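*Asks:* Here it is, the structure in full.
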Amino acid sequence: MPTAWAPPGAPEAPPCANQSCAPHDLVLLGFAHVPTLRPLLTALFLAMFLLTLLGNALIVLLTALDPALRAPMYFFLRHLALLEICFSLDIAPRLLGTLLRPGWGVSPAGCALQLVLVLSCVTSECFLLTAMAWDRYVAICRPLRYGAIMSPRLCHLLAATCWLAGVPVSLVFTIWLFSFPFCGPRGIRHFFCDIAPLLSLVCGDTRVFEANVLAATVLVVMVPFCLIATSYTGVLATVLRMPSATGRHKALSTCASHLIVVVLFYGTTGVIHLRPKASSSPESKQVVSLSYTLVTPMLNPLIYSLRNKEVKAALGRVCVQRRRTHIP
């Protein structure tokens, strides 16, 4: 992955803290425009990171241990929680390191690895949310055939496909992006390595690359979103035909949590990845990126647990069981 750095007279990147980066390292400048807020942001992001790990780990344990949470819906929820843990572990530690040690260098290989993981996680989450929407469609619109259609074999196949779907996409675009010469300053105006801030460092012609990124984004983000919308259109049509108000409420309540997560995730991901070189400032893009990299992974367990009676009941059973095991 060749890199050619700034010639004499080009703008200089911020100095490396404590000589912590090599001459060819990149420097993440996340929130460098608000240096006085760094201690507060560090504490806030650390709390969000720990809550994300705790909440999603709890979802994984509950859905794996409680017999009442063995339905396909909770199988996919467990994989979503695992995916959010992986996503947070890729983003948060480097963000915290950047805030604690401004000017901390990251090698091109390290930056490329983070980009691979980010693109892979985003792609996998798009497909996983689609699988979860289809599960709700089958459960509500085809209830008599739900058990036959959503077999354990199919669920495992869908989960494996969702996890692996992001790998080729992320590898192709990461290798392609890092094959361009980087002849701008070393500073990346973002808190993680993403396509848009890295494109600003490239001095070559990236029009073909950007066109392919847009095409891939439409396939990876918009096509699953349209499939989700189609699934919920069918769900809504079925619910409106139900004669019982109680039945309608119960059917919609099983979809509410998933819909909230879809809106949060797609509302921010689409804004960032549909226009990689949009005219909005890097600072505003950082704020939007926080929504799907830190906020949504932290809120997912709360959304699913607070709005789902079965998850709350499972949590109560686990707590009671642990209390009994500690009573002599």
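Including glycine, each Cβ sits where the backbone N, Cα and C put it.
What you are looking at is a predicted structure, and each value in this text was computed from that prediction instead of being measured.
As listed in TrEMBL for this protein:
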TRANSMEM  40-62  transmembrane segment
DOMAIN    55-304  domain 'G-protein coupled receptors family 1 profile'
TRANSMEM  74-92  transmembrane segment
TRANSMEM  112-134  transmembrane segment
TRANSMEM  154-178  transmembrane segment
TRANSMEM  214-239  transmembrane segment
TRANSMEM  251-274  transmembrane segment
TRANSMEM  286-306  transmembrane segment
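Distances, neighbours, how buried they are, the whole picture for these features please.
*Replies:* Counting same-chain residues at least six beyond the ends of the transmembrane segment (40-62), those with a Cβ under 8 angstroms from any Cβ of the stretch are 31, 34, 69, 77-78, 81-82, 84-85, 88-89, 92-93, 95-96, 99-100, 294-295, 297-298, 300-302, 304-305, 311, 314-315, 318.
Beyond its flanks by at least six residues, the transmembrane segment (74-92) meets 45, 48-49, 52-53, 56-57, 59-60, 63-64, 114, 117-118, 121, 124-125, 128-129, 131-132, 135, 155, 158-159, 162-163, 191-192, 261, 293-294, 296-297, 300-301, 304, 310-311 of its own chain at Cβ-Cβ distances under 8 Å.
A Cβ distance under 8 Å defines the sequence-distant neighbours of the transmembrane segment (112-134), meaning residues of its chain 6+ beyond its ends; these are 1, 73, 76-77, 79-80, 83, 86-87, 90-91, 94, 106, 158-159, 161-163, 165-167, 169-171, 173-175, 177-178, 192-195, 198, 220-221, 224-225, 227-228, 231-232, 258, 261-262, 265, 269, 273, 292.
Remote same-chain partners of the transmembrane segment (154-178), defined as residues 6 or more beyond its termini with a Cβ less than 8 Å from a stretch Cβ, comprise 1, 3, 72, 75-76, 79, 83, 108, 112, 115-124, 127-128, 131, 195, 198-199, 202, 209, 212-213, 216, 220.
Long-range neighbours of the transmembrane segment (286-306) within the same chain, counting only residues 6 or more positions beyond its ends whose Cβ lies under 8 Å from a Cβ of the stretch, are 30-31, 45, 48-49, 51-52, 55-56, 58-59, 77, 80-81, 84-85, 87-88, 91-92, 122, 189-192, 194, 257, 260-261, 264-265, 267-269, 271-272, 312, 315.
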*Asks:* So what pLDDT does the domain 'G-protein coupled receptors family 1 profile' (55-304) average out to?
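*Replies:* That region's mean pLDDT is 88.
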